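Report on the structure given below.
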Ligand SMILES: O=P(O)(O)OC[C@@]1(O)O[C@H](CO)[C@@H](O)[C@@H]1O
Ligand SMILES: [Mg+2]
Ligand SMILES: [Mg+2]
């Protein structure tokens with residue numbers, strides 16, 4: 001269904017006819033399309049698997065709890081890159097992951113405007129439009145292109161944390177820093193080898209649950225920004241082409257003060 005919405009000629013008509021609302025900040029948007037896509041996905045899956053649980057970005061925004069249990073759970077971001085969607089900036093994705101016992105079994109990221117379908121199943125590799133994916137294998141951080149997100153937060157603490165992290169990387173130096181406006185597609189660039197690392201502080205599980213397994217199955221590594229084991233509920237992630245690059249980024253990127261502010265203000 002998301003494919004139909006993203007690919008039809010009336011993509012712009014769908015956009016024009018839809019209301020845009022603010023969520024947590026002037027840069028955190030939601031449209032009726034986000035909500036419709038999530039409802040369509042959940043109802044279609046629930047008809048086949050009525051016992052399964054769901055964590056959907058817009059269901060959570062409407063008040064549902066964010067609780068990852070051992071039950072089979074679908075983690076859905078119906079539109080990752082809503083600001084891009086509203087502005088017709090061509091990086092917009094549907095992200096769907098499936099977990100059992102809190103372990104991701106498969107992940108799908110469909111970059112709608114590019115018509116790129118990234119997917120991976122645990123132990124069975126990662127693919128882009130059916131072709132196998134492999135990370136760059138880069139081990140020297142000075143030879144890396146690093147992807148991150150500007151984020152939707154506009155308070156001074158978040159902005160100073162985000163900009164100081166980027167400056168520290170640029171001063172290493174790394175060869176490039178990029179941000180596409182969708183964590184899901186950002187992280188998939190690591191799986192393609194087109195970027196060598198991705199880090200983010202403040203994203204939610206639905207942004208990166210699918211792209212995390214895609215990077216891992218493409219031979220990459222994933223960890224917390226402090227170098228500890230990755231936890232998709234922690235709102236901190238580094239995905240990289242190698243442990244050497246991941247650890248190099250963990251030494252430079254700081255999160256704690258920013259996250260302290262986060263934990264007070266949001267789920
Ligand atoms: O709200 P959306 O469109 O699903 O999120 C878009 C996004 O880039 O904004 C957040 C902050 O940059 C990221 O966590 C996320 O991927
Ligand atoms: Mg979204
Ligand atoms: Mg998102």
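Glycine too: its Cβ is placed from the backbone N, Cα and C atoms.
Cross-referencing 186, 196, 207 against the Mg(2+) binding annotation in TrEMBL, which names 57, 77, 79, 80, picks out 207.
All protein chains included, residue 80 (Mg(2+) binding site) registers 32 other Cβ atoms within 10 Å of its own Cβ. Proximity to ligand 3 (Cβ under 6 Å from any of its atoms) holds for these binding-site residues out of 77, 79, 207: 77, 207. Highlighted in sequence order, 34, 76, 78, 81, 82, 93, 94, 95, 182, 183, 184, 204, 206 have their Cβ within 8 Å of the centre of the Cβ atoms of 57, 77, 79, 80, 207, the residues recorded for Mg(2+), and are not part of that set. Non-local neighbourhood of residue 77 (Mg(2+) binding site): 56, 57, 93, 94, 95, 96, 184, 204, 206, 207, each in the same chain, at least six residues away, with C-beta under 8 Å from its C-beta.
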